[in-house]
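Q: Take a look at the following structure, please.
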Amino acid sequence: MMARGLGGFALVFAVLAALAVWREDLGLPIFYLVLASTALFWIAQATSWNVLSGYSGYFSFGQGAFVGVGAYTTAVLGGRHGVDFYLTVPVAAVFSALLALLVGALAFRLRSFRGEIFALLTLAVPFILAALARVNSEIDGGQGVIVPVAEYPDWLAQFQDFLYLLNLVVAVAAVAAAFAIQHTRFGWALASIRDAEDVAEGLGVATFRYKMLAIAVTGLIGGAAGSLFALQIGFVTVESVFGLTIPLFVIVMSVLGGRTHWVGPVLGAVVIVLIQDRLSASGFEGWNLIVLGAILAVLVVVAPDGLQARLWRRPWQAAVALVAVTGVLAVVDSWGGPLDWFVAGVLAAVAVVLWPGRARAPVAAERRPAAAPVAPEEAAGAVPVAADAEPGEVLVECRDVAKYFGGVRALDGVSLRIRAGELVGLVGPNGSGKTTLVNLLSGALRPTSGSIAVAGRDIVGLAPHRIAHVGVSRTHQIPKPFESMTVRDNVAMAIMFGRSPRPLAGAREEAEACLDVVHLRHLADAKPAEINLHERQLLEMARAIATKPKVLLLDEALAGLNPAEIDAAVAVVRRIHATGITIVIVEHLLRVVNQLATRVVVLNQGALLADGDPRTVMNDPDVIRAYLGRHAHARGT
Ligand SMILES: Nc1ncnc2c1ncn2[C@@H]1O[C@H](COP(=O)(O)OP(=O)(O)OP(=O)(O)O)[C@@H](O)[C@H]1O
């Protein structure tokens with residue numbers, strides 16, 4: 001798949017390059033190559049933006065910074081220091097990538113720098129660079145920098161042919177890189193970050209590293225394309241690169257084309273460049289930004305997923321619309337020229353593709369899993385996830401663990417040992433610190449004091465993905481599936497990045513076995529949006545066991561289920577436990593805890609109130625007073 005795809009890019013490159021080399025022989029007017037050159041520049045820019053912002057969902061307004069660093073590197077090195085143009089291009093790409101890594105190192109270290117905060121940070125970067133360039137006379141000094149014309153091979157007829165070829169090299173390399181990223185672990189990691197970053201990290205994805213890689217690729221491509229941009233405009237000014245035009249264009253292009261697929265930015269860039277060109281040719285150049293803004297507004301409402309996904313669903317209708325409209329206009333020949341007819345055809349195809357269709361129906365009721373309980377012994381043979389700890393070995397050791405949120409003592413001096421093979425019910429009134437303990441064990445939070453060891457390894461301060469690799473996995477109170485992936489791929493992700501990672505094909509195969517454990521195999525091809533809450537909670541469990549944990553933390557995995565679903569889920573938990581995985585289950589329903597737990601731990605106001613076998617603990621007067629009296633009686637459990 002990958003080799004074939006990259007071979008395809010080589011072929012496309014060869015054909016498009018031939019247009020420049022033999023342009024005069026082919027009788028192709030230079031105008032078309034200039035237009036294609038513009039489209040290629042924007043394809044590279046939109047693809048560059050999309051690797052970070054589309055694939056990982058970190059929306060950036062800083063594209064101008066990468067273009068600007070690339071353009072100024074070439075302009076200053078070439079114009080002021082006489083460095084050969086060809087040398088300045090890789091230097092520009094590297095400088096831009098270094099800037100990107102700096103931005104990433106600042107932004108990605110802090111979890112709070114997400115969403116609009118990240119967008120604002122990236123918005124500030126080009127402004128800062130613009131100010132630096134203005135005040136520094138070695139760079140710009142407010143004057144702008146002239147870019148010397150580069151030497152080009154004499155087998156090319158004109159400078160424009162040369163520019164076209166350069167843009168072609170960068171654009172094809174950029175799109176091939178985006179293609180390769182999408183089809184490797186890297187792309188899967190970015191997609192999981194986009195869908196649910198905390199979950200991805202908890203399943204073993206090194207989110208910081210992948211985001212840094214993505215922003216470096218964005219910088220690299222943006223800088224290389226910026227370097228060519230300098231040559232194209234011939235005179236670089238702060239306004240021409242560091243303004244808001246470039247980010248606005250790349251955002252509209254990628255949103256229009258579709259942000260989750262490598263084809264998206266290509267489609268978007270081609271459509272927008274064609275529209276822009278025809279507006280300019282018809283004397284409506286001033287309308288450019290109005291049209292761009294309108295497209296963005298309409299898209300956000302009508303088709304936030306963009307053209308690509310819809311085009312894949314209606315390829316023939318789009319092709320017919322394109323050919324029919326272009327053909328009819330050509331035959332009638334009463335308006336415009338060939339390019340106008342073609343652009344009208346493209347717009348008709350876009351309209352057909354974006355036309356609202358029927359929403360996907362939820363998965364039919366008869367395909368849902370039976371709610372009947374499953375005997376654990378019946379399942380054990382089919383389970384692919386045997387744990388590797390010795391029974392009785394201490395797996396989790398918390399010593400004097402405390403977690404304070406300002407003045408709130410969520411946990412205060414909890415010491416706890418959990419041995420391999422146990423199924424521990426973690427109970428306590430609301431606010432007693434149960435979820436906080438789960439968050440500490442999975443690394444989502446760091447304790448204020450105390451130590452936590454898993455399988456003999458100190459996990460305090462480890463990133464959650466490292467803790468997943470040590471052998472801790474968890475589910476979330478509110479299921480957080482990767483919405484863009486099928487049920488099977490949600491589980492395959494966890495296998496690809498879990499304790500014994502496998503490549504995608506093997507992971508997908510193994511995912512089916514994990515889905516068997518939770519009775520979801522028949523829904524493997526469904527998207528999370530198409531399954532109900534019970535199934536989403538089962539999916540959480542399948543994904544958690546797919547990482548091959550030693551300890552599985554189930555945080556209210558049965559919340560919101562009806563009695564039949566609860567029985568089915570209880571059977572699934574037993575089944576998982578029968579494979580040898582140690583389980584800690586946070587649960588309010590004492591009936592469930594009594595049915596499942598081999599040991600019960602009770603928290604109250606952040607402290608350990610009781611710990612022992614279920615019967616003794618449930619009859620402890622302190623527990624009855626603190627927990628049962630207030631909570632269980634009220635809920636009739
Ligand atoms: N991020 C946070 N910031 C501030 N306070 C927090 C935070 N997380 C938890 N707390 C507080 O810590 C205490 C323990 O909360 P926690 O969610 O661990 O309890 P719980 O036993 O899981 O409750 P529930 O059964 O309602 O889920 C509560 O007083 C809660 O308000």
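From the backbone N, Cα and C atoms, a Cβ is placed for every residue, glycine too.
Feature list, courtesy of TrEMBL:
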type	residues	note
TRANSMEM	30-52	transmembrane segment
TRANSMEM	59-79	transmembrane segment
TRANSMEM	85-108	transmembrane segment
TRANSMEM	117-135	transmembrane segment
TRANSMEM	162-181	transmembrane segment
TRANSMEM	213-235	transmembrane segment
TRANSMEM	287-304	transmembrane segment
TRANSMEM	316-335	transmembrane segment
TRANSMEM	341-359	transmembrane segment
DOMAIN	396-630	domain 'ABC transporter'
Q: So which of 30-52, 117-135, 316-335, 341-359 has the most C-beta pairs under 8 Å when paired with the transmembrane segment (85-108)?
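A: Counting Cβ pairs under 8 Å, the winner is 117-135.
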Q: Restricting attention to the domain 'ABC transporter' (396-630), give the mean pLDDT.
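A: PLDDT averaged over the stretch: 91.
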Q: Counting Cβ pairs under 8 Å to the transmembrane segment (213-235), which of 30-52, 162-181, 287-304, 316-335, 341-359 comes out on top?
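A: Most contacts with the transmembrane segment (213-235): 30-52.
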Q: Residue list, the transmembrane segment (316-335) vs rest of chain: Cβ under 8 Å, 6 or more residues beyond ends.
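A: Hits for the transmembrane segment (316-335): 341-342, 344-353.
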Q: Could you tell me what the rest of the chain brings near the transmembrane segment (117-135), counting residues at least six beyond its ends with Cβ under 8 Å?
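A: Contacts of the transmembrane segment (117-135) (Cβ under 8 Å, skipping residues fewer than 6 from its ends): 58-62, 64-65, 68-69, 72, 99, 103, 106-107, 141-142, 238, 242-243, 247.
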